[in-house]
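One structure below.
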């Protein structure tokens, strides 16, 4: 329990964190990786280079300071981060290391006096305990489910399917021949990739792109441009070098962006690009479980060359009366224009979306590039969709949609 004095001091640093938060977290990661380079085997190097991880941590620290007198308010955020930590294999022993480096960064960047550092040290201990407790429960739950496991388990690539010019699916089965644990549609796994010549392991989260209940997991990976970029290095490796029969270490499924199976409301699934992957899991689950809920499936792509799972979604649309699928191409090819194999040219605009969604009284799920997500969030809010019915997933550290 934090004292009133400690709470007062921590809350007094909110303006400082608003101004210098990213500077502090940037320095924090510099200290962390210089003194503990082994942690580069856990953290995503791409998000470090792009500054997304620094921004996400700054947002989390700012929220912690703001709600230090009511930490219950940030438990949903703690759980969201906890899912990511569990999937990466972050353990209780990592927290003291992080705390020490964070306090050093606050002192170096902000010149914080001992009184402030002591208060933050005390507050960090309470926050870390919350993370450790929640993540311990997550580890236990993942390990004790039927077909479950702790940390990483070796999976074999049993099938590799090209879904479009830029997206390829990998079908993964456990090397030990055992079962795979079930998951909730929308969840992801962490895949460990060891690239020859690379000093550190690369960890990447990929949404599971098929319904649960199979003997395999399916992930569908976008090939990023440029093998010299961190993103490109990993995705190009999976596309060009990983073959059927190869082995990949995989974490148990995690994540809180999940289909609400208890709701009876219609479902609207909106995706841009590779954001289609968790939506495929949700769509396939709804039809395989013979759900009677109306489903509106909206996908935005550049054109048919980059449009993954197009034939499958069209087949579902044709077979199931309750499913309506719509496609938006920003730059259709001549063949697309000739065949008229899409519904709208351009972008997913408010006026068009309003004409195709069955009702605003529905559960809305969306995923895609951050600018796309910001736009969809603004449109849904403007249309009066209730906040509790708006669900979204970032591919990478959480950002603001405002």
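Here the Cβ of each residue, glycine as well, is placed from N, Cα and C on the backbone.
Swiss-Prot lists 85 with the feature heme b binding site, giving sequence analysis as the kind of evidence. In sequence order, 131, 135 are the residues near residue 85 (heme b binding site), counting only same-chain partners six or more apart with C-beta under 8 A.
Counting only residues at least six positions away in the same chain, the Cβ atoms of 209, 220, 299, 308, 309, 367 sit under 8 Å from the Cβ of residue 276 (NADP(+) binding site). The NADP(+) binding site annotation in Swiss-Prot covers 273, 274, 275, 276, 277, 278 and rests on sequence analysis.
Taken from Swiss-Prot, the feature domain 'Globin' applies to 1-136.
As annotated by Swiss-Prot, domain 'FAD-binding FR-type' applies to 150-260, with the evidence given as sequence analysis. Averaged over the domain 'FAD-binding FR-type' (150-260), the predicted model reaches a pLDDT of 94.
In sequence order, 205, 254 are the residues of the chain that are 6 or more apart from residue 84 (site 'Influences the redox potential of the prosthetic heme and FAD groups') and have a CB within less than 8 Å of its CB. The annotation site 'Influences the redox potential of the prosthetic heme and FAD groups' is assigned in Swiss-Prot to 84 (among others) on the grounds of sequence analysis.
Residue density at residue 393 (site 'Influences the redox potential of the prosthetic heme and FAD groups'): 23 other Cβ atoms are found within 10 A of its Cβ, drawing on all protein chains shown. DSSP assigns residue 393 (site 'Influences the redox potential of the prosthetic heme and FAD groups') to a strand in the three-state reduction. Annotated site 'Influences the redox potential of the prosthetic heme and FAD groups' per Swiss-Prot: 393 (among others), in sequence order.
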Discussion item. Applying a 10 Å Cβ distance cut-off over all chains shown, what neighbour count does residue 274 (NADP(+) binding site) have?
Written reply: 27
Worksheet item: Using the Cβ centroid of 273, 274, 275, 276, 277, 278 as the reference point for the NADP(+) site, which residues of the same chain not in that list have Cβ within 8 Å?
Response: 207, 209, 220, 222, 271, 272, 279, 280, 308, 367, 368, 395
Discussion item. Counting by DSSP secondary structure, give me helix, strand and coil numbers for the domain 'Globin' (1-136).
Written reply: 115 helix, 0 strand, 21 coil
Discussion item. To see if you understand the setup: which same-chain residues, six or more apart in sequence, place their Cβ under 8 Å from that of residue 273 (NADP(+) binding site)?
Written reply: 222, 300, 301, 306, 368, 369, 372
Response to the item:
For residue 393 (site 'Influences the redox potential of the prosthetic heme and FAD groups') and residue 278 (NADP(+) binding site), the CA-to-CA distance in whole Å is 9
